[in-house]
Amino acid sequence: MIQVFIVDDSAVVRQVLTQILNKDPEIEIIGFASDPIFASEKLSSVWPDVFILDIEMPRMDGISFLKKIMSEKPTPVIICSSLAEKESETAVLAMKLGAVDIIEKPKVGLKNFLEESEILFIDSVRAASNARVKTHSFQNDDSKFLENHKQPKTDFSKIDTTDKLIAIGTSTGGTQALEFILTQLNIHCPGIVIVQHMPEKFTEAFANRLNQVCKIQVKEAKDGDRVQLGSAYIAPGNKHMEIYLSGAQFHIRVLDGPLVNRHRPSVDTLFHSVAKAAGKNAKGIIMTGMGNDGANGLLKMKQSGAHTIAQDEASCVVFGMPKEAILKGAVNTILPLSKIVGEVQYF
């Protein structure tokens, strides 16, 4: 039984989430509170397997409560937040602090959204219950070789086009894993294209924050972007991203379309396009996340001559996507996160 505690100042959210999650016989709501102060009082006698947490609440904000949870008893936390710009940035910070998922909460039509998103919430709770949220101490085996000598940030208008391409797909736990990798790269690394399952607007905030802490350039991808050395492009939320070859240059196509594996952006969509556009000049990496998105596309990349890598179980928050790719025969190499850094830098 997966025990869940809901902390949200909206009575509608607390009521409807309780109703839809209770439909799953494996999920039990053991408590809820309108703010973290009330939650703390109730948590003296019970402790859940998963928290669902709002960000903006009276008396104590969600980030402060998240820090309290992670310091006292690290537990999987799902952020359920609106898409206001300020909250988007805060939600990205929550992921850095250990939250395992973000679910977009609209400001209008909230009750209908919650009822229509029953499968989304149940799947998220199930995935979160399997997540490892203790602080990881990733010992980077390639650190001596990745000294970046405080090199200047990439200038998109001047840098050369990449002739190699790194494609990364990830979901639950991916924000921390991506930050671990990207912050250690220097501006001579190949161009990188990334699908991180994340709602619209959160991807922009995530890319902007990474850009502030990385030596390479990190941005939310735009339709028509030319993929360049020393740069990483994150697929925008609620859009698919594909790569195509124009002359000798890789370009990005951002497009609408139906959900693929219940996701938009989809890792499979990206990987299939990279297989076609780059072939053996690409490297595909599937990392921590729930579900099977990316497994078919990674197999197509492998068949096209690309080298394919899966993050190992020990360093994953959720060993779902890598496991599915391995079982499908799509993976050449299984590596801990600490070894993936060098695979990206030195391709």
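For all residues, glycine too, the Cβ spot is worked out from N, Cα and C.
Feature annotations, courtesy of Swiss-Prot:
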ACT_SITE  Ser171  active site
ACT_SITE  His197  active site
ACT_SITE  Asp293  active site
DOMAIN    3-120  domain 'Response regulatory'
DOMAIN    159-347  domain 'CheB-type methylesterase'
MOD_RES   Asp54  4-aspartylphosphate
How do the residues of the domain 'Response regulatory' (3-120) split into helix, strand and coil according to DSSP?
52 helix, 25 strand, 41 coil
Of these active-site residues, His197, Asp293, which scores lowest on Cβ atoms within 10 Å?
His197
If you average per-residue pLDDT over the domain 'Response regulatory' (3-120), what number do you get?
90
